[in-house]
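**Q** Here it is: the structure, laid out below.
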């Protein structure tokens, strides 16, 4: 399901995933993979792992690269999103992020109407109940795949059979668990030298209790390789911060569209350029990250775009200034992944004048890839304007066009029969009917091709200072027209209108 790069890109960059990723515990990656390693070892050798082997696997998983853990968490969150009913996804995100009181989150049932089970690793033969996965992911509780009967739904849960809300799921503590907890607390109290507190009433605390360590060791055998302190520490560490060196919190905040710090809305996402997954994210382009559709047909617009960097999840779900775009249309855009050889003008345009598309090419070319990019918190585009052209994947805000809005850019108001190119003049210039072309629609051709000639008008066209001339009536230029009388659409690299006209060439 996730073997194709397209599917990976769509799933890993969904706003649903980016909002929940900071709340996933790093322990979940270690725990799920450790269980899979132990199971694989037992099937291969027909015996259980030794303590030393299991401890080595645990240390290896704990020291895994952060981008690997985040990629795994993104895939798992994508699976969970598809198993949650579309009408419950927004409430689920808001409740996990603390923006809304927890409510029931219903999952899609299996064929028998019960809780579904999913595999949490690629090509894994073990399946886990959805509610078990939720508790491990967002609470960091070390549960086995057979511990589904230990889960208890809260009293306020109205759908205990299909609800996967972590705040509605608790773990039943048996007498054996309480008994073991007593010995753990006693041992911690002895090691720290502090008196034991909170074990009962004051009268019970005043009585001396002797701890028979020998009897405890004879009755119980520790099967795990986590110590109490280590288990609590790793189970409380988020997957986005439970990492080694070269992965600071600032980079993580820049990577996430939903920042850990709500006030820092100007940070853009970055990833270390040394990781393979990071290069894939840059290479895959940023346009398929911004928008995705749910099975119900709803569009989600990523707040990583400049127009929505200051909007919350609810505004993204309701829709804002930037209209959603299909990925098939985005891939046609020549600005999807600019190469390092792009001109400075193109780079500056893609970083400052794209209304919907978030660009990562600047990050890849940055001399300091480990530092997060800072952008102004205010939106580049006017927040009140909504007159984008809806006919194509790339929409331009009104402030990029100093002239009047284009009437119909995609059809050009031309009859197909009248779009046949005219004869070539002596200089090899191609003549086009002036009723099909205007200075606002024309743009410089790609390098290596002759420039299009703009036929002069029969009447002198009025020209505003800094604006482009527009012919008033159709006419043709004879082949012997002198070069001084020919008008060409050629703009200097510093002309601000050149940026806009360079775009219209790709929309033709």
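Any Cβ shown, glycine's included, is placed from N, Cα and C.
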**Q** Looking at 377-385, 386-394, 395-403, 404-412, which one does Swiss-Prot call motif '9aaTAD'?
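**A** Here Swiss-Prot associates motif '9aaTAD' with the stretch 404-412.
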**Q** Would you mind telling me which one of 294, 473 Swiss-Prot calls phosphoserine?
**A** 294
**Q** Swiss-Prot lists region 'Disordered' for one of the ranges 170-189, 190-209, 210-229; which is that range?
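**A** Result: 190-209 is the stretch Swiss-Prot calls region 'Disordered'.
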